[in-house]
Amino acid sequence: LVLSLAWLGPALGDEEKDGEVVAEEEKQKEEEEVLSDELKEEDNVLVLHEHNFARALSEHQLLLVEFYAPWCGHCQQLAPAYAQAAAELRNESSPARLGKVDATAQTALATEFGITSYPTLKLFRDGNRTHPLAYTGRMDTQGIVRWVQRRAGPSAILLHDTDTAAAFASSQDLVVIGFFKDLGGKAAQAFYEVAAEMVDLPFGVAEAEELFQAYRLSADTVCLFKKFDERQTDFPVDPEQGLDTAELMQQLRVHSLKLVMEFTKETSNQIFSAKIPHHMLLFLNKSSPEQLALQDGFKAAAGTFRGEVLFVVVDVSGYGADVLSFFGMTPEDAPTLRLVKMENNRKFQMEQDAFSDTAIRTFIRAVLDGKVKPHLLSAEPPEDWDTRPVKVLVGKTFEQVAFDETKNVFVKFYAPWCSHCQAMAPAWEELGERYKDHEDIVIAEMDATANELENITIHGFPTLHYFPAGPGRKMVEYKSARDVETFSKFLENGGTLPVEPPVVTKTPGNSTGNENPSVPGADESRDEL
């Protein structure tokens, strides 16, 4: 037996040693693979790291790279569309390829390219890694494909004669053609930049003199051809100032919309991405012939304010029913008009609805001139609103409670659907219980989706504001931890914390509507409006 063990001992030892060697060899192999500049793929997407990044740039004329984090929900949502876009571009034999970098593992690349959020997409051209172009397209397959295609080839099709120009101009509902005396000049080059950016519109370009004559043009002009409203809109290029790309893009966005838009699932993105500062809304029931007839006066007024006010019809019996609560309305309130100032969602309404084009123009001009006060939503206060540990505020009771000079009032502004608000609710109720018998401290809450305040705009949920006792109408935004003990510490210290004292801003003392308190935007633990 001893002899047997003597023989087996060295054998067992050798087997254990061999296992260690195998593991070490596998580890070394993995390290060599990472250090290699070999280009590997996953679903047609190049998997990039610091050792193969330079090779990828040298081998591909255009390389769109997604910098992602494995745990990022937006990155996970983008992944299938990104892979599909990579496959489509490859099938088209495009010179462009798509790649991806795990920015949490490849920290050197993330630092080099200034990656601070995920996903971030950058386009590299001709091997240049010092000036990548930030991706500005939609985060879906077609958006990515179109955006890359515009940068892979000419962003505008060269139109040689009247036949090709006429065919191109009538090929789609919206077509842009740039007429330039010199296609190598600065104005034409700026036009190509616009064409590369606005991938949802087809762009053509013309230089031939016969085309200038055919379209009755004498100088450089960008023309938008439409199959609705006015059929052609011209944007002459200023001979001294040249072509302003930002201005042209905005003009094309504005004039690509119908004079009066209908709010539908298909048009909602167009409506909100147009960046028009005011929206004039006509709420009606499309099943009513009498209400449908009101569109005539509405459309007649629209042309006066193009680019400044977007006119939108909302069907309260259709897709528009979902937005009625935002205006504190029901389908029975139709027909009615509202004007919305988009930067702060302030809503304005006529004292008495009048639907003639003259009445609508007069109302809009009064709002734009600051002569009409906003219409503020307010729910009715519950009967026991001031007997609960957490006081329930509404628009019409807010002033008397929040600016009571004898009380320190801590208010939570929330939305019923907000998950962050729901998670915080037990702590806020416990805080109310803790301070319900304090004479000078009030814990309160307000549903900011059903109530509006003239001088305070809520941008995200939950937002917490502290209104200290005394004169001056002070307001402090609370931006620290959302637990009962930290809340209490904040209250016991008179609305401050030893670390990261919140910013104090002065709230206007009257209802002129000329000032707004400084309310920072929502952080990552708040739901945006």
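Backbone N, Cα and C atoms are what each Cβ position is placed from, and that goes for glycine too.
Annotated in TrEMBL:
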type     : residues  : note
DOMAIN   : 3-153     : domain 'Thioredoxin'
DISULFID : C72-C75   : disulfide bond
DOMAIN   : 367-496   : domain 'Thioredoxin'
DISULFID : C418-C421 : disulfide bond
REGION   : 493-529   : region 'Disordered'
COMPBIAS : 507-517   : compositional bias 'Polar residues'
Looking only at the domain 'Thioredoxin' (367-496), what is the model's average confidence as pLDDT?
93
So for C418 (disulfide bond), how many other CB atoms are inside 10 Å of its CB?
20
Integer Å distance between the CA atoms belonging to C421 (disulfide bond) and C75 (disulfide bond):
25
C421 (disulfide bond) to C72 (disulfide bond): how many Å between their Cα atoms?
22
C72 (disulfide bond) and C418 (disulfide bond), compared by Cα position, are separated in whole Å by 20
Run through the domain 'Thioredoxin' (367-496) and tell me, per DSSP, how many residues are helix, strand and coil.
36 helix, 29 strand, 65 coil
Among C72, C421, all listed as disulfide-bonded residues, which has the most CB atoms within 10 Å of its CB?
C421
Cβ neighbours of C75 (disulfide bond) where a neighbour is any other Cβ within 10 Å
20
